[in-house]
Structure formats: structure tokens, C-alpha cells
Amino acid sequence: MAAAAAVGNAVPCGARPCGVRPDGQPKPGPQPRALLAAGPALIANGDELVAAVWPYRRLALLRRLTVLPFAGLLYPAWLGAAAAGCWGWGSSWVQIPEAALLVLATICLAHALTVLSGHWSVHAHCALTCTPEYDPSKATFVKVVPTPNNGSTELVALHRNEGEDGLEVLSFEFQKIKYSYDALEKKQFLPVAFPVGNAFSYYQSNRGFQEDSEIRAAEKKFGSNKAEMVVPDFSELFKERATAPFFVFQVFCVGLWCLDEYWYYSVFTLSMLVAFEASLVQQQMRNMSEIRKMGNKPHMIQVYRSRKWRPIASDEIVPGDIVSIGRSPQENLVPCDVLLLRGRCIVDEAMLTGESVPQMKEPIEDLSPDRVLDLQADSRLHVIFGGTKVVQHIPPQKATTGLKPVDSGCVAYVLRTGFNTSQGKLLRTILFGVKRVTANNLETFIFILFLLVFAIAAAAYVWIEGTKDPSRNRYKLFLECTLILTSVVPPELPIELSLAVNTSLIALAKLYMYCTEPFRIPFAGKVEVCCFDKTGTLTSDSLVVRGVAGLRDGKEVTPVSSIPVETHRALASCHSLMQLDDGTLVGDPLEKAMLTAVDWTLTKDEKVFPRSIKTQGLKIHQRFHFASALKRMSVLASYEKLGSTDLCYIAAVKGAPETLHSMFSQCPPDYHHIHTEISREGARVLALGYKELGHLTHQQAREVKREALECSLKFVGFIVVSCPLKADSKAVIREIQNASHRVVMITGDNPLTACHVAQELHFIEKAHTLILQPPSEKGRQCEWRSIDGSIVLPLARGSPKALALEYALCLTGDGLAHLQATDPQQLLRLIPHVQVFARVAPKQKEFVITSLKELGYVTLMCGDGTNDVGALKHADVGVALLANAPERVVERRRRPRDSPTLSNSGIRATSRTAKQRSGLPPSEEQPTSQRDRLSQVLRDLEDESTPIVKLGDASIAAPFTSKLSSIQCICHVIKQGRCTLVTTLQMFKILALNALILAYSQSVLYLEGVKFSDFQATLQGLLLAGCFLFISRSKPLKTLSRERPLPNIFNLYTILTVMLQFFVHFLSLVYLYREAQARSPEKQEQFVDLYKEFEPSLVNSTVYIMAMAMQMATFAINYKGPPFMESLPENKPLVWSLAVSLLAIIGLLLGSSPDFNSQFGLVDIPVEFKLVIAQVLLLDFCLALLADRVLQFFLGTPKLKVPS
């Protein structure tokens, strides 16, 4: 998946988006500044995908900066100098001195880096090979900068086509989305305008395309209805990886080692690199093939064109078509996003949202023609998304006028196709999301600069000291200085970080959690505030109807068996439930519980019949569905009068008690007291309204407005529903709080119910909870009021911190809206101190999350993926729980990716081994069991590769999706996040220490003639590689710790521990070096010959053993372990790797195998000196360990940020 973003219009020379825009753009040439400033305005403000568009014109080959300075100046200058004998050699070309070769090598290196920088950065590529063009009509390419976390910058070709009016139309395609230039009005590139914002009258009266010319124009404008990708071949993907900066840097280092005559080591390192990159490319190709299968498979569909229904392939549909949608015997998926015009559908949206509850879709034929389609508000009820499956449909009534499909399907209008659909958007997230996971780039850069200071000092020392010997080869000396400088940039870093994140992705997938944006995993380790929705997240879906209150005196709850017939009718008819062909009832769990409680039966033709009481059944005619903003739902139903065929129409309404109060013509005097008291006990309360409308004509019934039903109602009771907490909610919330996190509830439910649940779960631990009451009259102030009404306080203008120390705070949607309008600064100060946000609309949930982020808190949001989409998307870590999913898996028989998922044809996948097992004769049972075992082994191996997020696993709602409905998944995400964060931090410490030890040994010791043999370097590299591989595969502990990890790489603890540990190692190395020198024969010459063949010596053997021991000690000391990850003894592969390294060091020190020692160029060490080395190594380890642990105790445990 990592390179999936390469698909699309890449630059011809293979430039790949890796650039990070430092301050905007490359320096302009001779263009005026005013025009440059206008550049980004070529894209509309607020575009979801593209942040800026910059037009460019490609330069002729010889004018490009990758060719001109080198071919036109530097190479000719070098040849001219060579011809003129400037380098000081004779007439023979064979006698080229090293200085000339050095200059030539520097020019070639500069040339290679210049060319490669165009591959690494699109910004650099544009600066080198293109010229900015301020008239888009003259441009040939555009540089497209995406919005944050939406992929990488790309240079894409600018296409020219003829428009409908005969004028030239400029367009480009970025991440499969087409943008066209509006040259007449806006002078901007705009995404293709789909017909999604028109009045309902436009869709209701639409008759599709009447002429072939209209169809051709639409096909030209919108393209085909395909959401597929091309999988690049192996060589193309490998070339992309082989030109990546770190890979090139490693190859450069290998070249330097070859020049320094480390042949075995160089070949070993290069082979490992190539093998690792090749395996990644193979995995990438497998992943891309998987993603490719996710698109919809074309099938025939009925479309109304040229005034008649005709079958066409689903990939030929264009926006504006009228299509027939219905249940398909082949289980075909809906091919695109459509607006339902006529007929009703029940749709399984699991492939898109992950929700297991099928959704009911209503037509817009009877809605107000003047209303404008709002995709955000109307999509849940009237839009059927591409990639979903219609499980049942009710065709339009034959008696009505309008289009009727020949296949008895429902009539729908095509809104969006291809990658522009909701399914296409999810596919694009999987395809073009952030490519590689990296640490904070700025911090990494500062850290490397910090190490570079030491490397420059070491290189300067080598050069100054080395040039004191006039006979010394300056070329070799320069090579050594270059090697020292390269040693501080750890080339393993990107691989290590990728391994750490991939380990977390695999672990989460095994826990039925899927992630579409892996870069968010380290954020989970930094989370400070955890926000939860209440209904369906903290509380269970298995609801209990206690009865109906308000029918008798006080808050007494009447059992459902004793309620009057009007209340029965209101409960039986006011819902959005539907019945499937197999008799299954689908819809909201609360409504299911209510219908079950009153014991009425719903039929397929929208009729309800009582089973427990003797009264007439009801026929539901119109539903005005529940909306979060309105907080109510109403229906128009009818029943037959006794002894007559005349229909008596009724209106039934249910909703929030405070919303319905003004709609009742009569209600009990203690109305507010009743619902308030019951809500305080934690129950969910909905008011019920009813009224008889008498006789209506069919026309009147069809045209009745919502407002006509929702007035002059008779109060028929409060339905009281208990929402029990999920089994593990209490334990999980306690664990999250104990792990130093603040927990907050953000719900659309009643504030009193929310506060009760918050108290049960210990969100609230104060004696009194204050709810902010907005002013009842103009000119008055907001006031805090306790739940029982005993405390009333004015809204403090000062810091809310003092108030929060004494009371728990609850903010309602009304209070939030009032403060937003009157005192936004006070609201921002208040938000971090509030424990419960109640009666908030989805947009307000989003506002709370974005406010917390703006205040600097790393925020997690956990919700149900339908009402909470905005909040989940904006949180640093958004986790969608799937409704009606099991809370836990009892026995895990298969891996998540083996679970039945809908393939592109809609047919359920079956296990290969299951097919093999079916119907085999007894003689074949033996080989089959072996095949099964082999399949299991292969599956287990595949288990360890990064999981591909499939449609149905991922949700369009959030970056993380849990297939289980328990909030235990929050603990899993935080554990994996902390583990990844700590792994990154320890990786930096280890790489920094190894780099510093290497810089010292390559400088001071190098000048003393200490160098390692080729075999020595190879053995050291092999042992290091094993440790690096296994340290990144650490697993988190079972429980979360109170201690928080350090959120950043660059901090006082890390700097001090690296410096102190290096100081201890430095002293040990200097001491042993001097001791070894004292036991060696005295040097005769003044200057050491640095270029003679490697000769084993006591000094070399001592320093080599010491350096190896220090590097292994660095791993053991800096492995973090508890409380964030398993301890060192539990990380078996790393323990074995360190044990092998330790045995190798002991074996080399004791000289137990003389042949082995001589092979690696080690001499026999005197026994008394062996003891000295062992003691120093032990002391070095203990002191470095002590330094790290003391610093960790004082500086290594950050505290949770307390709101001020």
C-alpha cells in the first residue's frame, strides 16, 4: 500500500511525491512577485483534497538545471583543466593524480544528487526541470499540493480537451479526481461539479438523458464509472524504492566502504538492503492486487435513456442517469451513489460504514420540491451509496404516475460515479493515504544536526592531525573524513520506524481493529483526552422498556400491559422499522425494544397489528424521520373504524421531552419534574404525542406536512427505557483513567441521563454536578445549576479551574451555542474542564473536538460511526465502534482477514481448505490433513505481514474501526500507540550512541592505526542487524500503566542520557586502549602508516571486543520494557540475539577457538589483561545503566497536562 499513491499521472521521469513544502514553493525565476502570490488561488478555498495548484512549463532538455550546469560548465571545465595540465601531471593520461579524481568524483556526486533530488522532491523537480507559468493556458504540467494527510505532492500532466462550447478546456487528474479550469468566471481549477446541490423539484421531474449528444457530453465530463487501479510491475516499484534518499545514502556508504577496502562487509550490507527492499516490493504488489479487487465488478443495470428503459453495463453509467435499483439475485452491489426518487429500499451498508444494521432508505417523491438536497443531512435517509447492497426493495406503487422500471426496481437518480463516490473516497484513503510512517521530521532533523556537531569535530580532528604528516595521502584522509560524517545519519532509521508501526498494525488486526491511516498510531501513545459517545458506545444496545410514566400521579411508571390504547398506537406506529423477506426486523435497537414491549407485529407492507390487546391494526402512510437537529420523529398512520371501511388518520410523535412540550395542547402540570426525575435515575425518556386527524383523502394524506402533524398534540406519556452499561465499560474507563488520561462524555442524550451514566462510570467523582443553564430571558446571564437544584452559581468570568476543583461540570448544546455566540473566549477556557457534553448536535461534537485540539490536547474520540463522523474525523485518533457487533469473540477460529467478506462480485469468500475437505474419500484424508497443516503454517506466516484494510473492515467514518462493540479496543489502540512511541524513542537513543562511538573510533583511534578487518566489520554488522530487527517487534503489556511515555524525541532526558552513556563508554574505551598500548611493543615511527595491510594486534583486538560489547550493552540498557512493553526477558528473539552476541564476545575474549580468532584477525590476549577487559566491560555496563535509570527517574516520566 505504501506506494499505491504512485498510481496516477506521475511525472514522466519518475518523480515521486516525497516533498514536504517548507515555505510554499521553489524560488521563481524572473516572474513578478504579485503573480506568484496569486498562484495558490488557482484552487477553490476549502477544497477537501487539494490545497494549492501551481502551473509549470517543462524546459527543453539542455536548458534544465539537471543538465546545463554540468554538461555546459563543470565537465568541460574539468576536461579543460586536465588538458592544460593544471593537476600537475605529465603528458600521460594514465598518471591522473588523486586530486583530479577527487574533483571529478565530487562533480559526479553533485550531478547524481541533483538528478535524484528531482525524484525525492516534487518541489525540487519543478525547480530543476520546469519554469513557473502564470498563464495556465501556456502550462504543460501542474504541481498539486494536497491538504494535510491526503497523500503527497505530485506533478501531473495538464490535459487539453474541447468543451461543449468549442473552447479549449484545461484539466488534470490528481488521485483519480478530475479538476477542470474555469477560465471564464472564477479563474480556478475546480473539481468536476456533480449534480448534488439542486432543489428536489429538479430530481423529481428529471427524465434522464433524452439525446445521445447529452450522453456523450456527460461521459466526456464525468468519465466512466470505474474505481480501479493499475498495479505497477516489479521493476517500476523497485526503481522507486531504489531511488529513495535513505537507500541511495546506504549505497553511497557501501561505495565508501569499498574504497576503504571493506569488500565482504560492503557486499553483505548491499545484499541485505536489496533483499529487504525486494521483499517489501513483493508485499506491496500483493497489497495493491488486493486493493484492486475491491472495486465493483461491472454488471448489467436498467437505465432510462432516450425515453425508454434499456440495459447497459454499470461502468457506463454517468451522473444524471435515471437507474433502476433493487435486490439482485446475483447479490450485485449498487454501482454508484444514487438518490432514491421512487420506491423504498433496505440497504446493507456494512461494506462502507462497517455497520451491521441495514438502513431504510425513503424516496423523495413526496417531499417539498423547494427543499435543496443537502448530502450531509439527507444521505442517511435518501441516498444509496455505491458499494452497498440492497437486501430488500419495495417498488413504486403502480397507481401513481411517474417512471416505473421494467424490472420492478426502485427509481433512482445517479449523483456521483467512480472515485467520487463515498466508496471511492474510502478506496482513495487506502490508496493515497500517507505513504511512509516517519517520526516527527523536524525533531529528526534537529537530532541528526545535534549528532553532526560531534561528527564534524571528529572529522576536523582527523584532517588537522592527519595533515601533520606530509607523506600522508590526502585522498584517503578525505575519504575517512567523509565516512565519519556519514556515520551519524542512521540509514536503518526509516526501516526501523516502518517495522515498529507495521508490528502495531498486525497486532491491531488480530484484535479485529483496522486502521486506514497508520501514521496516527504514534498519536495514540500521546493521547491526553479520551472522548466517548454514550448511546451504543458506553451503554448496551440491549435496551429494557420499564413502562410509561406521566399517565398517573407523580413519576410512577405504568407497566406497558396497562397503558391506554392511544399510547399503544403511538408506540406501535412511530418508528422507522422494516421487515425483511425472512421476517427479520431491522432498524434502531430502541425502536425494536419499544415495539417488542407493546407486543405489536410489523408486516412487510407497513402495517402493525396488536397481539396482546383487542384493537384495530394501523397502516403507516408517511414517516418524518428522526433528525439529530430536530430531536423528534412523527408519522401519519390510519386505522379502520369499527363496522366501517372508512379510514381514521392519526398523528403520532415521539422525541425529547423539552422539544415536544410546546407542541402539546395539554400536558400534566408536573411535566418537567417527571421527566427530570426519571432522567436523573439514568433512564432514557422520550415524550409521546398523539392526535386524531379524522378522514383524509389520498391526496391530502400524501401532501400532509410535518408541521401539520407536530401541533396541538395530546400528551400520552413518557416512555421510560433503561440503557444498561456494557459489561466492560466500567473496568475499561477505570483503566483509561488510571493510565493518566482525562475522560469526557459527548452525547446527544439528556444531560441528566448523561450525568447519571457519567457518575456510574466515575467520569464524575465530585459530590455535585453543575449544568450550565442558558438564560431564559434576553439580557440575563448564564448560570450553573446543580442536578438537584440546591446550588445556583453565576457563570464566572474568571478561570473555570477553581470551579472545576469543587464541582463536576456539564455543558449542554444550548449552553454551548449561547457561549459560542456571546463569549467564545470564555467557552474555550471552559471546554477543557467539562466532563459531560449533553444534548449536543453532531456539528457541536465536532466543535468540541477541534477546540480541544486547538488548545493543544492530543484527543481521542470513540463513537458509533454514524452520528459522530465529523468528530471522529477531526480527532487525532478516531475510533468507530460498529453497532450490533459482538462485544467480544468467544473463540477465535480464524484470523480477521479470513472472515467472510464481500468480494467484488458480492459472493462470500470461502476457505480453500474447506473446499478441499468437502466430499473427500477416506483414502485422501491423510494428505488433506497435511495440506491443512501446511495451509495453517502459510497463514501464520502471512499473519506476520502488514494487513490490508478491506472494504467492510474499514469505515468511512474514522481512521480506526473496531469490529467488536466493546470500548476495550481503546485500551488496545493506546497500548500499541505507546509501544510504537517508546520503540521510536529507544531507537533514536541506540542509533545516536552507536553513531557517537563510531565517530570516536573512526577518528582518534583511526589516527593511532586502529582499524577493523573486513571480517570483523561483517560480524559486527550481522549481530547489530539481528538486534535492530527484534527490538522493533516488541509487544505492549496487557495493562495500561499510570506512567505516560515521553511524547517527543528531542527532550532533556534523551539528550542527557545519550551524552552520559557516551561519556562512560568513551572513558572505558580510552582506558582499555591505553592499557593495550602499554602492553604492546613501542612504535618506532613518528607517524603511523594508515594505509598498510590490516595486521592483527593487541590494541585492535581490545578495541574491537570493547566496541562490540558497547553496542550490545546499548541495546540492553536502552530497551525500555515495562511499563509500556514486554520486558527484555519476555522479548525472546531479542534476548537470543543479545545472547548470541554476548557468547561471540566472550568467545573472542577468551580465545576459546584459535582458528575462529585468527579468521577474524584477533590476537591471543594475556590472561591478566583478559580479566582487566572483563572488569572494565562490566563496570562500563553498570555505570551506563545507572546513568540512564537515574535520569529516567528524574526526567523520564511526563505528567498529564492539567487544564489551566
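Just so it is clear, glycine is given a Cβ too, placed from its N, Cα and C backbone atoms.
Swiss-Prot lists Ala2 with the feature N-acetylalanine, giving a large-scale study or a structure entry as the kind of evidence.
For 67-87 (among others), the entry in Swiss-Prot reads transmembrane segment, with the evidence type sequence analysis.
Here Swiss-Prot flags 96-116 (among others) as transmembrane segment.
Outside the transmembrane segment (244-264), and at least 6 residues removed from its termini, the chain residues within Cβ reach (under 8 Å) are 18, 116, 120, 270, 273, 277, 479-480, 482-483, 486, 489, 491, 493-495, 1014-1015, 1017-1018. Per Swiss-Prot, transmembrane segment is recorded for 244-264 (among others), and the stated evidence type is sequence analysis.
In the three-state DSSP assignment, the secondary structure recorded for Asn287 (N-linked glycosylation site) is helix. Among the features that Swiss-Prot reports, N-linked glycosylation site is placed at Asn287 (among others).
Taken from Swiss-Prot, the feature N-linked glycosylation site applies to Asn420 (among others), supported by experimental evidence. On its own chain, Asn420 (N-linked glycosylation site) has Ile177, Pro191, Val192, Phe194 as residues at least 6 apart in sequence with a Cβ closer than 8 Å to its own Cβ.
Among residues of the same chain six or more beyond the transmembrane segment (444-464), those with a C-beta under 8 A of the stretch's C-beta atoms are 438, 477-478, 480-482, 484-485, 487-489, 493, 988, 992, 995-996, 999-1000, 1002-1004, 1006-1007, 1049-1050, 1055. Taken from Swiss-Prot, the feature transmembrane segment covers 444-464 (among others), and the record attributes it to sequence analysis.
Residues annotated as active site, 4-aspartylphosphate intermediate in Swiss-Prot: Asp533. Cβ neighbour count for Asp533 (active site, 4-aspartylphosphate intermediate) (all protein chains, 10 Å cutoff from its Cβ): 25.
Per Swiss-Prot, the feature region 'Disordered' maps to 889-933.
The transmembrane segment annotation in Swiss-Prot covers 990-1010 (among others).
Swiss-Prot lists 1012-1032 (among others) with the feature transmembrane segment, giving sequence analysis as the kind of evidence. Non-local neighbours of the transmembrane segment (1012-1032) in the same chain are 257, 261-265, 268-269, 272, 492, 496, 499-500, 503, 983, 986-987, 990, 994, 1094, 1096, 1100, 1104, 1107-1108, 1111-1112, 1115, 1119, 1131, 1133-1134, 1137-1138, 1140-1141, 1144, 1159-1162; each lies 6+ residues outside the stretch with a CB under 8 Å from one of its CB atoms.
Look at Swiss-Prot and you will find 1052-1072 (among others) tagged as transmembrane segment, backed by sequence analysis.
Among the features that Swiss-Prot reports, transmembrane segment is placed at 1097-1117 (among others), with the record citing sequence analysis.
Taken from Swiss-Prot, the feature transmembrane segment covers 1133-1153 (among others). Residues 1019, 1023, 1026-1027, 1029-1031, 1033-1034, 1101, 1104-1105, 1108-1109, 1112, 1115-1116, 1119, 1160, 1162, 1164-1165, 1170, 1173-1174 of the same chain, all 6+ positions outside the transmembrane segment (1133-1153), place their C-beta atoms under 8 angstroms from a C-beta of that stretch.
The transmembrane segment feature in Swiss-Prot is assigned to 1167-1187 (among others); the stated evidence is sequence analysis. Non-local neighbours of the transmembrane segment (1167-1187) in the same chain are 1057, 1060-1061, 1064-1065, 1068, 1071-1072, 1075-1076, 1079, 1098, 1102, 1105-1106, 1109-1110, 1113-1114, 1116-1117, 1149-1150; each lies 6+ residues outside the stretch with a CB under 8 Å from one of its CB atoms.
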Checklist line | Cα-Cα distance linking Asp533 (active site, 4-aspartylphosphate intermediate) and Asn287 (N-linked glycosylation site), given in Å to the nearest integer | finding: 34
Next item on the list: Translate the DSSP assignment of Asp533 (active site, 4-aspartylphosphate intermediate) into the three-state scheme.
Entry: coil
